[in-house]
Amino acid sequence: MNQIEKTGELTSSRFTVRDFTELVKIGIVNSNTITAFTGMWLAFQLNGISFIQNVDVIFFTIVGSALIVAASGAFNNVIDRDIDGIMERTKNRPTMTGKISGKRALMVALVLGVVGTIMLFMTTWQAGVLGVIGVFLYVVVYSLYAKRKLVSNTVIGSFSGAVPPLIGWFAVEPSFSIVPIMLFLVMFCWQPPHFYAIAIKRKEEYAAAGIPMLPVVKGIERTKKSMFFWVILLTVLPFFMFDLGLVYVILATLLNIGWLALSIYGFKMDDSIKWAKWMFVYSLNYMTILFVAMVVISIFL
């Protein structure tokens, strides 16, 4: 490992758009922004609130959510510089190649976090507080502590990943109902099987980096059982979401049955890595279809 990989020292003043998107983990930003949008959209649709007359709320919610998620990703990159160089999938992050120094990455994270939080508070104080809680859970509780110390790190990290749809809902309708609670639970239960699939594929890398992921500590078979458990929990949730109509409940149930069948097949399949890839791909398609369906179906309610 060279000096750049160890410290992330800046070797070039060039800071490209690609470097920025890698720093903030743009894929995670996009997916979380979609869930925040869905929460916001459903709050408009199910509460009879005008979408057109609240363009400012839409703007502040979407951009604010994207910025705090981006800030969290940048903070995580700064924190993980000591282990990113060990793992194949993270060794080319700009904080490791020297394109972005740790100091600059930290400044970017702080600016994004502050601006994003201010924007969320410009919708409702509930949305702003949820944004702060989400960043704290991901950066402090997960990245600084749980990820490195606890085998339950993935489950703990799922709390922060389930916050964006709550932000979207409470930015529009600052009161509790069953829908935002179910959105939170869908995101919370979806993340363990999704990230455990990655952990199975990257088991040796996590072991080398000293990260106590479930497959590393308890083994792949134990991880398969845990993934099966979380998918079972997902199968229950649609039956608490009849506010979105029977079509949604049927669609979500069919998606859950498919994922459940794939989970069960994993106990019979010898090639666990190949199975984990299938689980990972299914999880991505599952979340995309589910949240797009929520938006589309709600239009006709």
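Along the chain as shown, the residues are counted starting at 1.
Placement of Cβ uses the backbone N, Cα and C atoms for every residue, glycine included.
Remember, predicted model here, so these are calculated numbers, not experimental data.
Quick look at what Swiss-Prot lists:
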type	residues	note
TRANSMEM	20-42	transmembrane segment
TRANSMEM	55-75	transmembrane segment
TRANSMEM	105-125	transmembrane segment
TRANSMEM	126-146	transmembrane segment
TRANSMEM	150-172	transmembrane segment
TRANSMEM	176-198	transmembrane segment
TRANSMEM	227-247	transmembrane segment
TRANSMEM	249-269	transmembrane segment
TRANSMEM	280-300	transmembrane segment
The transmembrane segment (55-75) and the transmembrane segment (126-146) contact flag, 3+ Cβ pairs under 8 angstroms: yes
Chain residues in Cβ proximity to the transmembrane segment (105-125) (below 8 Å; excluding those fewer than six residues from its ends, i.e. six or more beyond): 8, 20, 23-24, 56-57, 60-61, 63-72, 74-75, 77-78, 94-95, 131-132, 135, 167, 170-172, 174
Close approaches to the transmembrane segment (249-269) from elsewhere in its chain (Cβ under 8 angstroms; 6 or more beyond its ends): 193, 224, 227-228, 231-232, 234-235, 237-239, 241-242, 275, 278-279, 282-283, 286, 289-290, 293, 297
